[in-house]
Amino acid sequence: MTTFVDRVELHAAAGNGGHGCASVHREKFKPLGGPDGGNGGRGGDVILVVEQSVTTLLDYHHSPHRKATNGQPGAGDNRSGKDGQDLVLPVPDGTVVLDKAGNVLADLVGQGTTFVAGQGGRGGLGNAALASARRKAPGFALLGEPGESRDIVLELKTVADVALVGYPSAGKSSLISVLSAAKPKIADYPFTTLVPNLGVVTAGSTVYTIADVPGLIPGASQGKGLGLEFLRHVERCSVLVHVLDTATLESDRDPVSDLDMIEEELRLYGGLENRPRIVALNKVDIPDGQDLADMIRPDLEARGYRVFEVSAIAHKGLKELSFALAGIIAEARATKPKEEATRIVIRPRAVDDAGFTVTLEDDGIYRVRGEKPERWVRQTDFNNDEAVGYLADRLNRLGVEDSLMKAGARAGDGVAIGPEENAVVFDWEPTVTAGAEMLGRRGEDHRLEEPRPAAQRRRERDAERDDAEKEYDEFDPF
C-alpha cells in the first residue's frame, strides 16, 4: 500500500457567497416599516498551510476534491447570513504549488506559511443595504458570488540540509540509519529505497536534517529508473554527499565512474552546479573496499572534493563526516535570509479597479470585460426586473454605455459581459431611448407619496369628533 506520495493533483473549490435577502419590515401599527433584508455571508476560502508534522501528500492522493462551505443567505429583520468556514489543508514543508500548465504559483517553505488556493465568493447585499434617498424600498437583493474553483498540482520537495546521492545499493540507507535515528528499509538488492527517508543528526551544537534519496542510474534526469520522481528532493539541500560503493561486485563499475555518472545526471537536471559536495567512500570495512579507497582517494582530492572513508557497519569515519557536514551547513545558514511565515494569494481582489474594455468580435458581438462589470452581472437576479434595472444603472454610471457608443454599438446590437464560456448576452438598448420606460425611480415606495383613502377618512372622522366636542364645550343653556 502506498504510504508516501510527493505529487498530487488537487481540485480546490471555495464556498459560494450567500444571497442577500429582499424583505420589508412588518410590525403592528407600522405599515411602512421599510426594507430590512440582511446581507449574505462570505463563502469559505480553501487555504494550504505548512505543518511540520505532515510529511506526505497521501491524504490528497486518496481524496483530491476539496470544497469549503458556502455562506448562508441573509434574512429579514436585518439578519446577515453566517460566513462559510474556511477549509484549511495542511501540507508538508517544501510543497510547491503549480497550475495545470506547470507554472509555479507558490513555494511553501516555513511553518505556518499559507497559500489561498481558492477565495470564497462575496455575500450578496440585502435590500436594506441597497436603500437610498431615491430607492427607499428596493424590491430586490444581490446574489452571492460563486467561489473560485481551481485545479492545482502539489509537489513535495523535501526540505533537508543534506542529500545522500549515489547508485542503488551504495549504502545510503545504511549510512543514514547510523548517522541518525531513521529506520529506512535496508536490503542487499537495488532500489530497496523507493521513497526519500529523513533523519535528524546532532553534531556538537548543530542539528540538521539528512535525506536518503532513492538510487540514481544513467538517464535519471530524463526520468529513467526513479529519476525525476525524486531528483527534485535534492533541490533545497545545502550540501550533497556522494556515497560511493568501494566494494561493488559489478565488473563494469567503479567508484570514480559512478561519481562521474551521478554528476552528469545532476548537471542535466540543472540548478545544482554551485552546491557544495562531499564524497563518502563507503564499505571500507571490507578489505578490498579499503584498498580501492586508498587508490582513488588522491584522484578525488585532486578534483577538489573533500573525501571521507566511512563504514556504516563498523561505524568508521561517521563522526568526522557528521562534523564536516555541520560546518558547511552552519555557513549556509549564516548567509541564508530568515524565512518567515507568509500568506500568499494568487489573485488579490481589486477593490477600486474601475477598468473595463469593450471590443467588437468577429460575430458582431460587443464584449465587455472588466472586474466590476463581470462581478455585477454575477450578483444580478435576472428574474427580477428591478434588479436588472439596477444593473443597467450601475453599468451606465461606470461608463459602459458611453464606451459602447464610442465603439460603434447601436440599439439592438448584441452585448456580452464576461468571458466566452460564461457570459451574459443581451440586446443593447441605450438609456437615452429606454429612459421613458425607466423613469419610475426604481425602488421608490409609492405608498409614501400617493394619498391613502383610509387614512384620509380617519383624519376626517377625528376632525368631526373634535368639532363636536368643541361645540359641546361651548354650549351653555344658562
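Cβ atoms here come from the backbone N, Cα and C positions, even for glycine.
Record features, source Swiss-Prot:
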type: DOMAIN; residues: 2-159; note: domain 'Obg'
type: REGION; residues: 61-87; note: region 'Disordered'
type: DOMAIN; residues: 160-330; note: domain 'OBG-type G'
type: BINDING; residues: 166-173, 191-195, 212-215, 282-285, 311-313; note: GTP binding site
type: BINDING; residues: S173, T193; note: Mg(2+) binding site
type: DOMAIN; residues: 348-430; note: domain 'OCT'
type: REGION; residues: 436-478; note: region 'Disordered'
type: COMPBIAS; residues: 439-468; note: compositional bias 'Basic and acidic residues'
type: COMPBIAS; residues: 469-478; note: compositional bias 'Acidic residues'
| remark: S311 (GTP binding site) -> DSSP, reduced to three states, gives strand
| So how many of the residues in the domain 'OCT' (348-430) end up helix, strand or coil by DSSP? | 32 helix, 16 strand, 35 coil
| request: Please average pLDDT over the domain 'Obg' (2-159) for the predicted structure. | output: 90
| Among all the protein chains here, how many other CB atoms are within 10 A of the CB of G166 (GTP binding site)? | 27
| remark: Given the binding-site residues S169, S173, S311, the candidate whose Cβ has the fewest other Cβ atoms within 10 Å is S169
| query | For the binding-site residues K172, P214, which Cβ has the most other Cβ atoms within 10 Å, all shown protein chains included? | reply | K172
| Cα-Cα distance linking S173 (Mg(2+) binding site) and P214 (GTP binding site), given in Å to the nearest integer | 9
| task | Tally the residues of the region 'Disordered' (61-87) by DSSP class, grouping H, G and I as helix, E and B as strand, and everything else as coil. | result | 2 helix, 6 strand, 19 coil
| request: Would you identify the secondary structure of K172 (GTP binding site) according to DSSP, in three states? | output: helix
| remark: Per DSSP (helix/strand/coil reduction), G166 (GTP binding site) sits in coil
